[in-house]
Amino acid sequence: MKSKLGIIMCVTVLLTAVCDAGPSTLSVTTIKQEPYTMPKGTELEGYCMDLLSELSKKLSFKYNVHLVKDGNYGRQDERGNWNGMIGEVLRGEADLAVAPLTLTATREKVVEMSKPFMQTGISFIIHKDMGSNDPDLFNFLCPFSTETWVGILVAYLVTGVCIYIVSRLSPCEWSEPQTEENSFSLMHSLWYTAGAIALQGAGPHPKALSGRVIVAIWWFFVVVLLASYFANLSSAQQSDKPQVSLATFEDLANQDMVEYGTLSVSSTLTFFKNSNNLLYRRIYENMERKKSFVSSFDEGTRRAQKGNYAFIGESVSLDLAASRYCNLDRSREVIGMRGYSIVGPIGSSIMKNVSVAILQLSEAGELDYLRNKWWSSSCMQEGSAASSGHPHRLKGAFVVLGLGLGLGVMLALLELISSSRKSAKEQKKNCCSVLSAELSQRLGTSGAQKTQETTDKSKP
Ligand code: GLU
């Protein structure tokens, strides 16, 4: 067996030597995993593809990429044979493996591994309902998303200001700007609008049609808003939360309600298998007993999203899943620090240069740039966000409110125009000049000054 392996290695070294003699096209194996390598049409894209292209520029080589045939990273079986990408490099089917391949002692013995291009550790993702259930002080805000709360605040302020403006413009509301004070000051308008949120009438109601239109539309908006708030709040509270809170590996090991597992062929599994730590051994034995492994990273993420399953894997990859799917939480505990390396056959001269290039890319900040490029993402799943209302769910109510406010202001202007026309006729003046005088009196400071003067004069 050993001699066979020796022959394979010699052939690989010879081939590599031949390849190293001049500019060559390297055959690169990789594995499909977000965001490292993902299909895009007929091409592949992702962090590893960008890294490979940077390396090829630095080391001046051409390459052909293929996905590993058996879909595995690389594990040695009982007979000493390697599968996955490590196996392909060992058998000479690939010159390089560029993927999230963990640097381990057993692999380092049979292949050449570069300096790590990314650091990670082991952690787990779990459905948010089962993660650390820290009681949230501001749970009452959860029915709406931040955008919706901001939208409501803006709607409230705009409506308050509209009621204020309309009450000043409308002659039916404020008939004598010279002598009487407007009952709808800005403070009163805002207070009145706030009162409606609690279904309370705060102070005098508007008398003019324009003001009443705005108020009626605001009441309608508030009713829709409250109905949606209470529906979301009660559905969030009724979500059948299991009575477990799993924040650490110890929590996982000490319970039997939630299954947990790793990828069936992975360095994470090997870590638990070979660990001397009693806790980690218990975790491994439980996984073996229940055969709770998954065959791919996607399957692990899917099972975790369904609930009742904790997917144990490498934190850097789990971070992406947790940021993509808002209903997933990544445990804060990270164990077994390790790194991802590029793999080549033993004796390959290019590997030394690959390590140097990786260090150069790291020192130049290129690796950080790639990390930010491929890890920046926002939640894609509506699952948990469903309970915190998205602005578009209330979009209709916001639109109706906007139209109502516009209509109210328009009606107020019409009321003012018709009353200006009437008084222009009576005073035999130009309608426009009467209107502009009215406008400056009602919206400008002159109205207030006159009111003040009148009040002063009437004082004994
Ligand atoms: N990166 C791992 C490996 O090289 C696979 C993922 C895992 O262990 O969780 O085997």
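Along the chain as shown, the residues are counted starting at 1.
Cβ coordinates are placed from backbone N, Cα and C, and glycine is handled just like the others.
Quick look at what TrEMBL lists:
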SIGNAL    1-21  signal peptide
DOMAIN    25-377  domain 'Ionotropic glutamate receptor C-terminal'
BINDING   PRO100, THR102, ARG107, SER267, THR268, GLU314  L-glutamate binding site
TRANSMEM  148-166  transmembrane segment
TRANSMEM  213-231  transmembrane segment
SITE      LYS273  site 'Interaction with the cone snail toxin Con-ikot-ikot'
TRANSMEM  397-417  transmembrane segment
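Maximum C-alpha to C-alpha distance over the listed L-glutamate-binding residues PRO100, THR102, ARG107, SER267, THR268, GLU314 is 17 Å.
Counting same-chain residues at least six beyond the ends of the transmembrane segment (148-166), those with a Cβ under 8 angstroms from any Cβ of the stretch are 141, 173, 184-186, 189-190, 192-194, 197, 206, 208, 210-211, 214-215, 218, 221, 225, 388-391, 393-394, 398, 401, 405, 408-409, 411-412, 443.
For the recorded positions ARG107, LYS273, the largest tally of other C-beta atoms within 10 A is found at ARG107.
In this structure, the CA atom of GLU314 (L-glutamate binding site) is 16 Å away from the CA atom of LYS273 (site 'Interaction with the cone snail toxin Con-ikot-ikot'). In the shown protein chains, 23 other C-beta atoms lie within 10 A of the C-beta of THR102 (L-glutamate binding site). Same-chain residues at least 6 positions away in sequence with a Cβ under 8 Å from that of SER267 (L-glutamate binding site) are, in sequence order, TYR73, THR102, THR104, ARG338. Its Cβ placed at the centre, GLU314 (L-glutamate binding site) has 25 other Cβ atoms within 10 Å. Annotation for THR268 (L-glutamate binding site): same-chain Cβ neighbours under 8 Å, separated by at least 6 residues, are THR102, ILE122, THR262, ILE312, GLY313, GLU314, GLY336. On the 0 to 100 pLDDT scale, the domain 'Ionotropic glutamate receptor C-terminal' (25-377) averages 90 in this prediction. When the alpha carbons of ARG107 (L-glutamate binding site) and LYS273 (site 'Interaction with the cone snail toxin Con-ikot-ikot') are compared, the span between them is 16 angstrom. Note: the CA-CA distance between LYS273 (site 'Interaction with the cone snail toxin Con-ikot-ikot') and PRO100 (L-glutamate binding site) rounds to 20 Å. Highlighted in sequence order, TYR73, LEU101, LEU103, THR104, THR120, SER266, ARG338, TYR340 have their Cβ within 8 Å of the centre of the Cβ atoms of PRO100, THR102, ARG107, SER267, THR268, GLU314, the residues recorded for L-glutamate, and are not part of that set. A C-beta separation below 8 Å, combined with a sequence spacing of at least six in one chain, links PRO100 (L-glutamate binding site) to ILE31, GLN33, TYR36, CYS48, TYR73, MET118, GLU314, VAL316, SER317, TYR340.
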